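This report concerns only the one structure given below.
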Amino acid sequence: MRLTPTTSDTEVSGLEKKNLGRITQIIGPVLDVVFSPGKMPNIYNALIVQGRDTVGQEINVTCEVQQLLGNNRVRAVAMSATDGLKRGMDVIDTGAPLSVPVGGATLGRIFNVLGEPIDNLGPVDTGTTSPIHRSAPAFIQLDTKLSIFETGIKVVDLLAPYRRGGKIGLFGGAGVGKTVLIMELINNIAKAHGGVSVFGGVGERTREGNDLYMEMKESGVINEKNIAESKVALVYGQMNEPPGARMRVGLTALTMAEYFRDVNEQDVLLFIDNIFRFVQAGSEVSALLGRMPSAVGYQPTLGTEMGTLQERITSTKEGSITSIQAVYVPADDLTDPAPATTFAHLDATTVLSRGLASKGIYPAVDPLDSTSTMLQPRIVGEEHYETAQRVKQTLQRYKELQDIIAILGLDELSEEDRLTVARARKIERFLSQPFFVAEVFTGSPGKYVGLAETIRGFKLILSGELDSLPEQAFYLVGNIDEATAKAANL
């Protein structure tokens, strides 16, 4: 049984006999600690700093060993604020990596990076803990089944379908709707999905974390009266936390998800918002640890850090983890090292476009930039594949014609091109959809559209049967029948 870095007196007294060090230097969230010769802690061991600050307030800071410096010194990164720490304070080596509670008792609760509950509902009722650092499953354990994960969102299901047990990235700059899309996916999938979900809030707004918690309580995904019946565990390390916490909170959430997959043999949904903040925190820590920065100031170990996290998010013969990750794109530049490194690990990418958002088309998913390894006729079937390709061709032709339209106007186009433009504009509007989680803002009730309905709708537009309808009829509706009904009222 691994020792968990909690602070009951009996444990601490046992630990004190074990291995004691002393703080020699503090630079922001990074501490240098000196130990007795031959008593050096291992890399990733958890250290606990205890004592009182100058005002007499009790201090209890957990750190993680990152470097062994020689001369019996180690460099560690703090998981909480280092206010009040002084040189010479005692540091206890727990002898093990950070361990967090796992299992059914975590459902319905909110945790911080250390696995401590932060929802004022008392301690977690579990004796099972698991270290946050572990290796990825071996090749032989991996599962290679291919099946589609229906989301009820037209643009996603048709053009960049998600794989069950796959990794999905939502890419977008600031304010184009990544978090709203993640909330909608939680709403559509987590409610209909029989298994459990784990949500990792990595370096995002505390307000959004609070909104999500309240929403989950209202929808019954978290059952307040009987916590054991809840379907989701929440792990938060938000924007105000030190970089150490933001760098490790993704691993805490993943460790909880892995337990449900490996031990309970369940299908798990893992939501991470936002994976870019994990990279950003790693970059802050890397500079403080004295590493030479790499491209655009990122850490030189960017690829390794991302790979270590992503390779653990996978499906085995026991169960699956389907992960949906929001990826912030700095300055809308998809070639930035952070989003570019993330791309390599994903089965499907949903790219959000500022251009579409400014047109008022929500979800602002770029139909030509979004990709999926699942969009193959042998997986999705001929009808789906053909429809998706024809939709993309129509939109691509419209994109090519936009310069001509801007200079010469629509009237200068050939009859065929004018028809293509009209259909493309209808398709563009029909790809929008009212969301359940945005009802309070838009006033229109949310819509879930099944895959068969989605394909039928786009086939009708492409066939020309709906050429007589005005394009406004296709804006923010669910299935195609709603569009024809709306046209009758226009």
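Including glycine, each Cβ sits where the backbone N, Cα and C put it.
Annotation source Swiss-Prot lists ATP binding site at Gly172, Gly173, Ala174, Gly175, Val176, Gly177, Lys178, Thr179.
Neighbour counts were taken at the CB atom with a 10 A radius for the binding-site residues Ala174, Val176; the maximum falls on Val176. In three-state terms derived from DSSP, Gly172 (ATP binding site) belongs to an extended strand segment. Within 8 Å of the centroid of the Cβ atoms of Gly172, Gly173, Ala174, Gly175, Val176, Gly177, Lys178, Thr179, where the record puts ATP, the same chain has further Cβ atoms from Tyr328, Leu352, Ala357. Taking each Cβ in turn and tallying the other Cβ atoms within 10 Å, the top scorer among the binding-site residues Gly172, Gly175, Gly177 is Gly172. For Gly173 (ATP binding site), the same-chain residues lying six or more positions away in sequence with a CB closer than 8 A to its CB are Tyr328, Val329, Pro330, Ala331, Asp332, Leu352, Arg354. Fewest Cβ neighbours within 10 Å among the binding-site residues Lys178, Thr179: this applies to Thr179.
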